[in-house]
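Working notes for the structure below.
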Amino acid sequence: MSGKARLAGVLGWPVSHSRSPRLHGFWLEQMGIDGAYLPLAVAPEHLETVIRALPRMGFAGANVTVPHKEAVMRLVDHLDPLARRIGAVNTLVVRQDGTLEGRNTDAYGFFENLRQGCPLWEPTSGPAAVIGAGGAARAVVAALADAGVPEIRLANRSRERAATLAADLGGPVTVVDWAERAESLEGCALLVNTTTLGMTGQSSLDLDLAALPTTSVVNDIVYVPLVTDLLARATARGNPIVDGLGMLLHQAVPGFEAWFGQRPQVSDQLRAFVLS
C-alpha cells in the first residue's frame, strides 16, 4: 500500500465481528487497487469526533454498523432520500469538496440478493410476509414497496412498532397481529425474516409454515448459521430459499464503487472466501 492509497473502513462498537474488512479486502486484492479497508471501533461518545475527522484523515468514506446507523444521520452534511426514509445510514461517502454524504444501501443489498438467489421471483407475483419491524425490516419493506409488491403483511411482537414502521414508510403495508402471523402467510409469494431469531445463540423463529404455499420464496436475512431453522424447514417442504449472506455482500457494492472507483462483483468465490 502506497502513501496515495485510498482508505475506507467500517465504524461500529464493537466491530471485531464484522466481515466487511474481509469482504472489501478480497475485492481490493482481486482488482489490484491501491487501497485499504479498516475496522474502526468507535464508542458512541466518540462518534462525532471520528466522523468529522474522516475527510482530514484521507478516508474516501466508510460503512456504518450497530449501534451508529441512526446516530450518524445528524452528523452528515447531505442525506440521501432513501436513507432519510428508512431512518438509517450504513454508507458514508466523502464528496470532492470534503463534505460527508450519508446513504443507505441495505434496501439495495436485500433486493439484489433476492434477485440473484431466486431469479424467477417477480415482485408482482403476490403478497410478501415480513417478520420483524426493526432497522433491517425498514430497509426490506422499502425495497419491496419500491419494487411493486402489491401487499406487504408485517408481523412484529410489538404491534405498535410495526404500525410506526407502516406509517413512516407508507406503501401497501398491512400490520398483522403477532398471534395471526402464521395465518397471514396464506397466499404469500414471499416470506422474509428480518429478526435475529434463528441466529447462532438465539432461539429459533416460532412460525408455523403450514399456510405458506410451497411455491413461495423464503428468505432469512440471518447468515450465521447460513441455513437457519426457518430455511431448513422451508427446504423440507419444497420452498425455494435465499440465505442472508448475499444481502451483506450486495449492500457493500455501491460503497466500494464510490470509494475505490470500480464496481465489484458478488461471486461464488467471494461467498466462499467470506465464509471461510
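Cβ coordinates come from backbone N, Cα and C, glycine included.
Take the NADP(+) site that Swiss-Prot assigns to GLY132, ALA133, GLY134, GLY135, ALA136, GLY244: the candidate from ILE152, ILE221 listed for it is ILE221. For the shikimate site, Swiss-Prot lists SER18, ARG19, SER20, THR65, ASN90, TYR223; matching the candidates ASP106, ASP177, ASP206, ASP268 against that entry yields ASP106. Proximity to ASP106 (shikimate binding site), defined by a C-alpha to C-alpha distance within 10 angstroms, is shown by none of the binding-site residues GLY132, ALA133, GLY134, ILE221, GLY244. For the pair ARG19 (shikimate binding site) and GLY135 (NADP(+) binding site), the Cα-Cα distance reads 19 Å. Each of the binding-site residues ALA133, ALA136, ILE221 was ranked by the number of other C-beta atoms within 10 Å, and first place falls to ILE221. The Cβ of THR65 has fewer other Cβ atoms within 10 Å than any other of the binding-site residues SER20, THR65, ASN90. Among the binding-site residues GLY132, GLY135, ILE221, the residue whose Cα lies closest in space to that of SER20 (shikimate binding site) is ILE221. Using Cα positions, the member of the binding-site residues GLY135, ALA136, GLY244 nearest to TYR223 (shikimate binding site) is identified as GLY244.
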